[in-house]
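Peer 1: Per TrEMBL, the features are:
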type	residues	note
DOMAIN	3-140	domain 'Nucleoside diphosphate kinase-like'
BINDING	11, 59, 87, 93, 104, 114	ATP binding site
ACT_SITE	117	active site, pros-phosphohistidine intermediate
Ligand code: RTP
Ligand code: MG
């Protein structure tokens with residue numbers, strides 16, 4: 001398996017619930033190492049740009065509203081098979097369907113307020129990491 005990078009966001013509900021530390025600890029325990037971390041309160045256009053792929057979906061307005069409600073923690077995570085591993089740790093989009101012990105089963109409120117984002121492919125991970133981090137904000141942990 002290859003070493004990959006993926007983009008993770010602790011969404012506003014996760015920050016509000018004070019589980020930033022628990023979520024980062026879980027990633028570290030499972031071999032996903034932070035190589036970039038920043039906190040940001042997204043502007044409307046930043047949330048819209050980030051989730052542009054969903055702009056025709058009925059939940060888009062609600063999603064943008066939620067993602068701009070308060071600060072988020074944006075992270076680039078590195079590790080073996082990082083994209084798939086992060087999605088596994090996160091669990092299904094709808095917490096009611098998320099496997100026991102996954103971050104969304106543990107912390108999410110509902111399908112909208114689901115605590116974490118994770119890139120869905122290596123290609124999108126590269127695009128999403130670039131969206132939030134410049135090269136000098138990323139580190140090699142080797
Ligand atoms: P994400 O992109 O945030 O990692 O989530 P995902 O891949 O598991 O799910 P996706 O289909 O990409 O949806 C993006 C985010 O939009 C919100 N959503 N709300 N109300 C709804 O029916 C609904 N469906 C999706 C969630 O915040 C979801 O994570
Ligand atoms: Mg997605």
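Numbering starts at 1 and runs along the chain as displayed.
Any Cβ shown, glycine's included, is placed from N, Cα and C.
Caution: TrEMBL annotation is automatic and unverified by curators.
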Peer 1: If you count other CB atoms within 10 A of each CB, which of 93, 114 wins among these binding-site residues?
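Peer 2: That would be 114, with the most Cβ atoms nearby.
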Peer 1: Under 6 Å from ligand 1 by Cβ, which recorded positions from 59, 87, 93, 104, 114, 117?
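Peer 2: Near ligand 1, sequence order: 59, 93, 114, 117.
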Peer 1: Can you tell me how far the Cα of residue 117 (active site, pros-phosphohistidine intermediate) sits from the Cα of residue 87 (ATP binding site), in Å?
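Peer 2: Answer for this pair: 9 Å between alpha carbons.
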Peer 1: Limited to the domain 'Nucleoside diphosphate kinase-like' (3-140), I'd like the whole-number average of pLDDT.
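Peer 2: That stretch averages a pLDDT of 98.
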Peer 1: Which residues in the same chain, at least 6 apart in sequence, have a Cβ under 8 Å from the Cβ of residue 87 (ATP binding site)?
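Peer 2: In sequence order, 118, 120 meet the Cβ cut-off.
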Peer 1: For residue 104 (ATP binding site), name the DSSP secondary structure in the helix/strand/coil scheme.
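Peer 2: In three-state terms, residue 104 (ATP binding site) counts as helix.
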Peer 1: Among residues 11, 59, 87, 93, 104, 114 annotated as binding ATP, what is the maximum Cα-Cα distance? Answer in Å.
Peer 2: 21
Peer 1: So how many other Cβ atoms are close to residue 59 (ATP binding site), meaning within 10 Å of its Cβ?
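Peer 2: The answer is 12 other Cβ atoms.
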